[in-house]
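One structure, pasted below without further comment.
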Amino acid sequence: MTAAVRPLPIIGPTGTGKSQLALDVAERLGPLGAEIVNADAMQLYRGMDIGTAKLPVDARRGIPHHQLDVLDVTQTATVARYQRAAAADIEAILAAGAVPIIVGGSMLYIQSLLDDWSFPATDPRVRARWERRLGEVGVGELHAELARRDPAAAAAILPTDARRTVRALEVIELTGRPFAASAPRIGAPRWDTVIIGLDCDTTLLDERLARRTDAMFEQGLVAEVTGLLGRGLRDGVTAARALGYAQVIAALDAGGGDEQLRQAREQTYAGTRRYVRRQRSWFRRDHRVRWLDAGACSPPRLADAALEAWRHVS
(Lines of atoms letter the chains of each structure in order from A; the text may use other names.)
(Lines give C-alpha, C1' and ligand atoms only; values in the text may rest on other atoms or scores of the structure.)
Protein backbone atom coordinates (compact mmCIF):
# COMPACT_ATOMS: atom_id res chain seq x y z
CA MET A 1 0.00 0.00 0.00
CA THR A 2 1.47 3.38 -0.96
CA ALA A 3 1.32 6.36 1.36
CA ALA A 4 -1.16 7.98 -1.01
CA VAL A 5 -3.85 5.52 0.00
CA ARG A 6 -3.09 5.01 3.68
CA PRO A 7 -5.47 6.37 6.31
CA LEU A 8 -3.83 8.79 8.73
CA PRO A 9 -5.17 8.46 12.30
CA ILE A 10 -4.57 11.36 14.72
CA ILE A 11 -5.36 10.48 18.32
CA GLY A 12 -4.65 11.84 21.79
CA PRO A 13 -6.16 13.40 24.88
CA THR A 14 -8.89 16.02 24.81
CA GLY A 15 -7.67 19.57 24.30
CA THR A 16 -4.37 18.86 22.55
CA GLY A 17 -5.37 20.33 19.18
CA LYS A 18 -6.13 17.22 17.12
CA SER A 19 -8.80 18.88 14.98
CA GLN A 20 -6.54 21.77 13.98
CA LEU A 21 -3.67 19.40 13.19
CA ALA A 22 -6.00 17.35 11.00
CA LEU A 23 -7.01 20.45 9.05
CA ASP A 24 -3.37 21.52 8.63
CA VAL A 25 -2.37 18.05 7.41
CA ALA A 26 -5.33 17.89 5.03
CA GLU A 27 -4.37 21.22 3.46
CA ARG A 28 -0.77 20.07 3.03
CA LEU A 29 -1.89 16.96 1.16
CA GLY A 30 -3.12 19.31 -1.55
CA PRO A 31 -3.73 17.54 -4.87
CA LEU A 32 -4.02 14.11 -3.22
CA GLY A 33 -7.15 15.24 -1.47
CA ALA A 34 -8.10 14.44 2.11
CA GLU A 35 -11.30 13.94 4.04
CA ILE A 36 -11.70 13.84 7.81
CA VAL A 37 -13.48 11.06 9.69
CA ASN A 38 -14.56 11.93 13.23
CA ALA A 39 -13.71 9.52 16.06
CA ASP A 40 -15.25 11.47 18.95
CA ALA A 41 -18.34 9.64 20.20
CA MET A 42 -20.20 12.74 21.36
CA GLN A 43 -19.61 14.66 18.13
CA LEU A 44 -21.83 12.08 16.45
CA TYR A 45 -24.82 13.92 17.93
CA ARG A 46 -26.71 16.67 16.15
CA GLY A 47 -26.90 19.82 18.24
CA MET A 48 -24.13 18.85 20.66
CA ASP A 49 -21.71 21.44 19.35
CA ILE A 50 -20.38 23.74 22.06
CA GLY A 51 -19.84 21.10 24.72
CA THR A 52 -18.03 18.75 22.34
CA ALA A 53 -15.86 21.48 20.74
CA LYS A 54 -17.20 20.43 17.34
CA LEU A 55 -15.71 22.47 14.51
CA PRO A 56 -18.33 24.76 12.96
CA VAL A 57 -18.86 24.22 9.24
CA ASP A 58 -17.24 27.56 8.41
CA ALA A 59 -14.08 26.53 10.32
CA ARG A 60 -13.57 23.29 8.39
CA ARG A 61 -11.67 25.00 5.52
CA GLY A 62 -13.84 23.32 2.92
CA ILE A 63 -12.55 19.86 3.84
CA PRO A 64 -15.25 17.16 3.88
CA HIS A 65 -16.01 15.71 7.33
CA HIS A 66 -17.70 12.40 8.10
CA GLN A 67 -19.37 10.95 11.21
CA LEU A 68 -20.48 14.32 12.52
CA ASP A 69 -24.16 15.03 13.30
CA VAL A 70 -25.37 11.54 12.41
CA LEU A 71 -27.45 10.77 15.54
CA ASP A 72 -30.30 12.44 17.40
CA VAL A 73 -29.69 12.89 21.12
CA THR A 74 -32.33 10.27 21.90
CA GLN A 75 -30.39 7.60 19.99
CA THR A 76 -27.78 5.40 21.64
CA ALA A 77 -24.24 5.64 20.29
CA THR A 78 -22.53 2.26 20.09
CA VAL A 79 -19.00 1.28 19.16
CA ALA A 80 -20.29 -1.41 16.79
CA ARG A 81 -22.52 0.99 14.83
CA TYR A 82 -19.74 3.56 14.61
CA GLN A 83 -17.20 0.97 13.48
CA ARG A 84 -19.38 -0.16 10.58
CA ALA A 85 -20.26 3.35 9.44
CA ALA A 86 -16.78 4.86 9.81
CA ALA A 87 -15.06 1.91 8.12
CA ALA A 88 -17.44 2.29 5.16
CA ASP A 89 -16.63 6.01 4.96
CA ILE A 90 -12.90 5.31 5.02
CA GLU A 91 -13.07 2.64 2.33
CA ALA A 92 -15.09 4.98 0.11
CA ILE A 93 -12.53 7.76 0.57
CA LEU A 94 -9.67 5.36 -0.25
CA ALA A 95 -11.52 4.09 -3.32
CA ALA A 96 -11.73 7.68 -4.56
CA GLY A 97 -7.95 8.00 -4.21
CA ALA A 98 -8.07 10.46 -1.30
CA VAL A 99 -6.60 10.22 2.19
CA PRO A 100 -8.90 9.57 5.16
CA ILE A 101 -7.71 11.41 8.27
CA ILE A 102 -9.23 9.77 11.35
CA VAL A 103 -9.42 12.23 14.24
CA GLY A 104 -10.61 11.83 17.80
CA GLY A 105 -10.05 10.74 21.35
CA SER A 106 -12.80 8.18 22.03
CA MET A 107 -10.66 5.22 22.94
CA LEU A 108 -12.87 2.23 22.15
CA TYR A 109 -14.15 3.85 18.97
CA ILE A 110 -10.66 4.38 17.61
CA GLN A 111 -9.30 0.97 18.50
CA SER A 112 -12.37 -0.86 17.18
CA LEU A 113 -11.90 0.94 13.87
CA LEU A 114 -8.14 0.55 13.49
CA ASP A 115 -7.96 -3.05 14.74
CA ASP A 116 -11.08 -4.55 13.16
CA TRP A 117 -12.89 -5.64 16.29
CA SER A 118 -15.64 -8.25 16.05
CA PHE A 119 -18.64 -7.56 18.29
CA PRO A 120 -21.20 -9.88 19.90
CA ALA A 121 -24.70 -9.80 18.47
CA THR A 122 -27.35 -7.35 19.57
CA ASP A 123 -31.15 -7.64 19.53
CA PRO A 124 -33.21 -4.44 19.81
CA ARG A 125 -36.13 -6.33 21.33
CA VAL A 126 -34.02 -7.88 24.07
CA ARG A 127 -32.29 -4.54 24.69
CA ALA A 128 -35.65 -2.76 24.91
CA ARG A 129 -36.93 -5.28 27.42
CA TRP A 130 -33.95 -4.75 29.72
CA GLU A 131 -34.25 -0.97 29.30
CA ARG A 132 -37.90 -1.18 30.35
CA ARG A 133 -36.80 -3.21 33.34
CA LEU A 134 -34.25 -0.51 34.13
CA GLY A 135 -37.00 2.09 34.11
CA GLU A 136 -39.13 -0.02 36.42
CA VAL A 137 -36.59 -1.03 39.09
CA GLY A 138 -33.63 1.35 38.65
CA VAL A 139 -29.98 0.70 37.96
CA GLY A 140 -29.23 -0.62 41.47
CA GLU A 141 -31.68 -3.51 41.24
CA LEU A 142 -30.71 -4.23 37.63
CA HIS A 143 -27.04 -4.39 38.63
CA ALA A 144 -28.00 -6.80 41.42
CA GLU A 145 -29.70 -8.96 38.78
CA LEU A 146 -26.47 -8.91 36.78
CA ALA A 147 -24.54 -9.95 39.89
CA ARG A 148 -26.80 -12.96 40.29
CA ARG A 149 -26.35 -13.98 36.65
CA ASP A 150 -22.69 -13.08 36.15
CA PRO A 151 -20.75 -12.03 39.28
CA ALA A 152 -17.57 -11.31 37.30
CA ALA A 153 -19.36 -8.90 34.97
CA ALA A 154 -21.04 -7.15 37.90
CA ALA A 155 -17.67 -6.71 39.58
CA ALA A 156 -16.26 -5.08 36.44
CA ILE A 157 -19.20 -2.70 35.84
CA LEU A 158 -19.98 0.18 38.18
CA PRO A 159 -23.34 -0.19 39.97
CA THR A 160 -24.29 3.24 38.57
CA ASP A 161 -23.48 2.40 34.93
CA ALA A 162 -26.94 1.71 33.52
CA ARG A 163 -25.85 1.46 29.89
CA ARG A 164 -23.18 -1.20 30.42
CA THR A 165 -25.39 -3.12 32.85
CA VAL A 166 -28.16 -3.33 30.25
CA ARG A 167 -25.68 -4.35 27.54
CA ALA A 168 -24.20 -7.09 29.73
CA LEU A 169 -27.62 -8.55 30.49
CA GLU A 170 -28.56 -8.39 26.82
CA VAL A 171 -25.41 -10.26 25.74
CA ILE A 172 -25.79 -12.87 28.49
CA GLU A 173 -29.36 -13.55 27.40
CA LEU A 174 -28.45 -13.75 23.70
CA THR A 175 -25.36 -15.94 24.08
CA GLY A 176 -26.06 -17.93 27.21
CA ARG A 177 -22.47 -17.24 28.22
CA PRO A 178 -20.78 -14.90 30.71
CA PHE A 179 -20.41 -11.36 29.44
CA ALA A 180 -16.59 -11.53 29.37
CA ALA A 181 -16.74 -14.55 27.06
CA SER A 182 -18.51 -12.36 24.50
CA ALA A 183 -16.11 -9.43 24.70
CA PRO A 184 -15.10 -7.88 21.35
CA ARG A 185 -12.45 -9.94 19.61
CA ILE A 186 -9.51 -7.83 18.50
CA GLY A 187 -8.42 -8.63 14.97
CA ALA A 188 -5.34 -7.63 13.02
CA PRO A 189 -4.81 -3.96 12.12
CA ARG A 190 -7.32 -3.04 9.44
CA TRP A 191 -4.89 -0.81 7.54
CA ASP A 192 -1.10 -0.75 7.31
CA THR A 193 -0.42 2.75 8.57
CA VAL A 194 1.13 4.83 11.33
CA ILE A 195 -0.88 6.32 14.21
CA ILE A 196 -0.05 9.91 15.12
CA GLY A 197 -0.49 10.76 18.80
CA LEU A 198 -0.76 14.36 20.01
CA ASP A 199 -0.07 15.25 23.64
CA CYS A 200 1.61 17.95 25.71
CA ASP A 201 2.86 18.74 29.21
CA THR A 202 0.24 18.12 31.89
CA THR A 203 0.45 21.63 33.36
CA LEU A 204 -0.02 23.18 29.93
CA LEU A 205 -2.90 20.84 29.10
CA ASP A 206 -4.63 21.58 32.41
CA GLU A 207 -4.47 25.28 31.54
CA ARG A 208 -5.91 24.58 28.11
CA LEU A 209 -8.72 22.51 29.61
CA ALA A 210 -9.57 25.28 32.07
CA ARG A 211 -9.79 27.83 29.24
CA ARG A 212 -11.74 25.39 27.10
CA THR A 213 -14.28 24.75 29.87
CA ASP A 214 -14.71 28.47 30.58
CA ALA A 215 -15.16 29.16 26.87
CA MET A 216 -17.87 26.51 26.55
CA PHE A 217 -19.94 28.05 29.31
CA GLU A 218 -19.35 31.58 28.02
CA GLN A 219 -20.29 30.59 24.45
CA GLY A 220 -23.67 29.23 25.51
CA LEU A 221 -23.38 25.64 26.73
CA VAL A 222 -26.27 26.12 29.17
CA ALA A 223 -28.53 27.42 26.40
CA GLU A 224 -27.44 24.55 24.16
CA VAL A 225 -28.33 21.99 26.84
CA THR A 226 -31.66 23.71 27.51
CA GLY A 227 -32.55 23.50 23.84
CA LEU A 228 -31.52 19.84 23.63
CA LEU A 229 -33.64 18.97 26.64
CA GLY A 230 -36.60 20.06 24.54
CA ARG A 231 -35.47 17.55 21.90
CA GLY A 232 -35.29 14.63 24.32
CA LEU A 233 -31.72 14.86 25.65
CA ARG A 234 -32.75 13.61 29.07
CA ASP A 235 -33.97 10.37 27.46
CA GLY A 236 -30.69 9.76 25.64
CA VAL A 237 -28.78 6.85 27.13
CA THR A 238 -25.36 8.08 25.98
CA ALA A 239 -25.84 11.74 25.02
CA ALA A 240 -27.16 12.78 28.44
CA ARG A 241 -24.03 11.36 30.10
CA ALA A 242 -21.57 13.43 28.05
CA LEU A 243 -19.11 15.59 29.94
CA GLY A 244 -20.51 19.07 30.40
CA TYR A 245 -24.01 18.07 29.40
CA ALA A 246 -24.59 15.80 32.40
CA GLN A 247 -23.26 18.48 34.75
CA VAL A 248 -25.45 21.21 33.26
CA ILE A 249 -28.53 18.98 33.40
CA ALA A 250 -27.87 18.36 37.10
CA ALA A 251 -27.41 22.10 37.70
CA LEU A 252 -30.65 22.95 35.93
CA ASP A 253 -32.48 20.26 37.89
CA ALA A 254 -31.13 21.84 41.09
CA GLY A 255 -32.54 25.25 40.18
CA GLY A 256 -30.09 26.56 37.60
CA GLY A 257 -28.82 29.39 39.79
CA ASP A 258 -25.37 30.96 39.66
CA GLU A 259 -24.00 28.64 42.35
CA GLN A 260 -25.33 25.51 40.68
CA LEU A 261 -23.86 26.57 37.34
CA ARG A 262 -20.53 27.46 38.95
CA GLN A 263 -20.40 23.96 40.38
CA ALA A 264 -21.31 22.50 36.99
CA ARG A 265 -18.38 24.36 35.44
CA GLU A 266 -15.97 23.10 38.10
CA GLN A 267 -17.28 19.55 37.80
CA THR A 268 -16.94 19.65 34.02
CA TYR A 269 -13.32 20.74 34.30
CA ALA A 270 -12.53 18.11 36.92
CA GLY A 271 -14.30 15.41 34.92
CA THR A 272 -12.39 16.35 31.78
CA ARG A 273 -9.08 16.09 33.61
CA ARG A 274 -10.02 12.61 34.84
CA TYR A 275 -11.00 11.63 31.31
CA VAL A 276 -7.65 12.85 29.99
CA ARG A 277 -5.84 10.60 32.46
CA ARG A 278 -7.85 7.62 31.17
CA GLN A 279 -7.11 8.57 27.56
CA ARG A 280 -3.39 8.80 28.23
CA SER A 281 -3.33 5.46 30.01
CA TRP A 282 -5.19 3.78 27.14
CA PHE A 283 -3.28 5.32 24.24
CA ARG A 284 0.17 4.87 25.79
CA ARG A 285 -0.33 1.11 25.75
CA ASP A 286 -0.30 1.14 21.95
CA HIS A 287 3.32 1.06 20.83
CA ARG A 288 2.39 1.82 17.22
CA VAL A 289 1.71 5.46 18.11
CA ARG A 290 4.25 8.11 17.07
CA TRP A 291 3.88 10.83 19.69
CA LEU A 292 4.21 14.53 18.89
CA ASP A 293 4.48 17.27 21.52
CA ALA A 294 1.79 19.87 20.90
CA GLY A 295 3.36 22.21 23.43
CA ALA A 296 6.87 22.17 21.98
CA CYS A 297 6.14 22.46 18.26
CA SER A 298 4.44 25.10 16.15
CA PRO A 299 1.38 24.02 14.15
CA PRO A 300 3.36 23.95 10.85
CA ARG A 301 6.06 21.75 12.41
CA LEU A 302 3.45 19.40 13.86
CA ALA A 303 1.84 18.99 10.44
CA ASP A 304 5.22 18.38 8.81
CA ALA A 305 6.15 15.78 11.43
CA ALA A 306 2.84 13.97 11.10
CA LEU A 307 3.14 13.77 7.32
CA GLU A 308 6.78 12.67 7.51
CA ALA A 309 5.87 9.76 9.79
CA TRP A 310 2.90 8.82 7.60
CA ARG A 311 4.89 8.87 4.36
CA HIS A 312 7.61 6.62 5.75
CA VAL A 313 5.65 3.75 7.24
CA SER A 314 7.97 0.76 7.40
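From the backbone N, Cα and C atoms, a Cβ is placed for every residue, glycine too.
Taken from Swiss-Prot, the feature ATP binding site covers GLY12, PRO13, THR14, GLY15, THR16, GLY17, LYS18, SER19. Swiss-Prot lists THR14, GLY15, THR16, GLY17, LYS18, SER19 with the feature substrate binding site, giving sequence analysis as the kind of evidence. The site 'Interaction with substrate tRNA' annotation in Swiss-Prot covers SER106, ARG127.
Give me the local environment of each listed feature.
Long-range C-beta contacts of GLY12 (ATP binding site), restricted to its own chain and to partners at least six residues apart, with a cutoff below 8 Å, comprise LYS18, GLY105, GLY197, LEU198, ASP199, GLN279, PHE283, ALA294.
In sequence order, ALA53, LEU55, VAL103 are the residues of the chain that are 6 or more apart from SER19 (ATP binding site) and have a CB within less than 8 Å of its CB.
When secondary structure is read from DSSP and collapsed to three states, SER106 (site 'Interaction with substrate tRNA') falls in the coil class.
In sequence order, VAL166, ARG167, GLU170 are the residues near ARG127 (site 'Interaction with substrate tRNA'), counting only same-chain partners six or more apart with C-beta under 8 A.
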Between GLY15, GLY17, which of the binding-site residues has the fewest other CB atoms within 10 angstroms in the structure shown?
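Selected from the binding-site residues GLY15, GLY17 on minimum Cβ neighbours within 10 Å: GLY17.
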Relative to the Cα of SER106 (site 'Interaction with substrate tRNA'), which of the binding-site residues PRO13, THR14, GLY15, GLY17 have a Cα no more than 10 Å away?
PRO13, THR14
Please list, in sequence order, the residues in the chain of PRO13 (ATP binding site) that are at least six apart in sequence and whose C-beta is under 8 Å away from its C-beta.
GLY105, ASP199, LEU205, VAL276, GLN279, ARG280, PHE283
Applying the rule Cβ within 8 Å of the centroid of the Cβ atoms of GLY12, PRO13, THR14, GLY15, THR16, GLY17, LYS18, SER19, what extra residues of the same chain belong around the ATP site?
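Counting only non-site residues, the set is GLY105, LEU198, ASP199, ALA294.
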Excluding THR14, GLY15, THR16, GLY17, LYS18, SER19, please set out which residues of the same chain place their CB within 8 Å of the center of the CB atoms of the substrate site, keeping sequence order.
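Once THR14, GLY15, THR16, GLY17, LYS18, SER19 are set aside, the remaining close residues are GLY12, PRO13, GLN20, ALA53, GLY105, LEU198, ALA294.
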Under 8 Å between C-beta atoms and at least six apart in sequence, can you list the same-chain neighbours of THR16 (ATP binding site), or say none if there are none?
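In sequence order, LEU198, ASP199, CYS200, LEU205, ARG208, ALA294 meet the Cβ cut-off.
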